Amino acid sequence: MANESGARERTDTAERYARGGGGHAREGGGHARVEGAYWGGGAAGGGAPRALVVAQFVNAVGDGAFYVSSALYFTRIVGLSAPQIGAGLAVAWAVGSVAGVPLGHLADRRGPRGTAVLLALTTAVSVASFLVVRSFVPFLCAAVVYAAAQSGLAAARQALLAGLVGPAARTRVLARLQAVLNGGLAVGAALGGLALHAGTRTAYLSVFALDAVAFLACALILGRLPSGTAATTTGPGSAGGGPGLAVLRDRPYALLALLNALMLLRMPLLSLALPLWIVERTAAPGWAVSALFVLNTGVVMLFQVRAARSVTDLATAARAVRWSGAVMCAACAVFALSGALPGSGGGAGAGAAGAAVAVLVLGAVLQVLAEMRHSAGAWQIGFALAPADRIGQYQGFYGSGVPVARTLGPLLVTTLLIGRGVPGWLLLGGVFLVAGAATGPAVRWAERAR
């Protein structure tokens, strides 16, 4: 979901969202009710953000268990080879990267709540179908449906959130959702670890059943929410009456989506690149992999909301992304240093191992700080520059960076980092630095174009 990585893997400003015309007056009133209730007020309507938080947590628990155990399930239980799994997932997320826009457009036309419920049910069915997969072709079909539904669900949920939460509160709500996402993933990963420890077919099937039930519960929760404001479905310029898929002709927004996709290349670092780097290129012990994951998860859970507080408009969002790019560049340099210390590559003593762990922890701290600031800035930019009547398709397009990072990121970062070593880390850091610095001019271009 939202992104796993994170999800995701989005906010707005009052001035830009006000361009929804008549829908703005309704949005303004809804904003006062939702924001006050969610942050401690007693007014009606505050249950919507809480329900979104519950849905996020339920999904994250199921996804965490699924992510931890799925690869071994498909290899040990189903009998697929690692290249088959890799190819199938690459194809699936390639489809998912283009499915978000039309499914987001569907949410704009038919309503985000109903679309989100339908896509949550579709995801549940696709996960359940993994229980009966016995060969590559059925696995590929189920994976494609899963990836497409996940991408569309993310866009529909963003559009639903835009109708339920006022512009000034969205950054804080999304930050809370991100923190809850990480907590749920941690709980789910622990449950998945129990299945891995048991190693039986029944244990693996229980994990997949848990994830399917989690999506069913998510559909139930989303279905009980209000339909939101009419901002995405009413007005003379609404998605139903204007040109379809207008986001594909919005060049400034497309550039911002590209820059966001480059910034999201951080996603495979923690899950793939760093584990390989630690084992093959540093003197650090294997447990450092888990330590860095726990560090990242804990920091996001505790500090994501605080990190997003200062992002209140497009100017502060652009600064946050620029800062994130610079800090990610520094993190890459520190990770590169961990492989250049004495004793790297194996056979090192306790002193060398301790030094490597210390450097890796420093790099991980820089990475998670950059991650939280980038998330806050990207939320604001993605929502603020999206027309109020096309939030679904715009969010689907902006969020396509997540499946792109899932598809191309592993190949790119492993080729750069494991294949090239220190120069690869420095090159990747330069990519983050340039992408972050270019976001500000791109945002100003997008503002002028509106």
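Every residue, even glycine, has its Cβ placed from backbone N, Cα and C.
Annotated features in TrEMBL:
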REGION    1-29  region 'Disordered'
TRANSMEM  85-104  transmembrane segment
TRANSMEM  116-137  transmembrane segment
TRANSMEM  143-165  transmembrane segment
TRANSMEM  177-197  transmembrane segment
TRANSMEM  203-222  transmembrane segment
TRANSMEM  253-278  transmembrane segment
TRANSMEM  284-303  transmembrane segment
TRANSMEM  323-341  transmembrane segment
TRANSMEM  347-370  transmembrane segment
TRANSMEM  425-446  transmembrane segment
Per the Cβ under 8 Å criterion, with at least 6 residues separating them from its ends, the transmembrane segment (177-197) contacts 1-4, 6-8, 52-53, 56-69, 72, 203-204, 206-207, 210, 294, 296-297, 300-302, 304-305, 375
Lying 6 or more residues past either end of the transmembrane segment (116-137) yet within Cβ distance under 8 Å of it, the residues of that chain are 62, 66, 70, 73-74, 78-80, 84, 88, 103, 107, 143, 145-146, 149-150, 152-153, 156-157, 160, 205, 208-209, 211-213, 215-216, 218-219, 222-223
Maximum Cβ pairs under 8 Å to the transmembrane segment (425-446) - stretch from the list 85-104, 203-222, 253-278, 323-341, 347-370
323-341
Close approaches to the transmembrane segment (203-222) from elsewhere in its chain (Cβ under 8 angstroms; 6 or more beyond its ends):
51, 54-55, 58-59, 61-63, 65-66, 69-70, 72-73, 76-77, 113, 116-117, 120-121, 123-125, 127-128, 130-131, 157, 160, 191-192, 194-195
So which of 85-104, 253-278, 284-303, 347-370 is most in touch with the transmembrane segment (323-341), counting Cβ pairs under 8 Å?
347-370
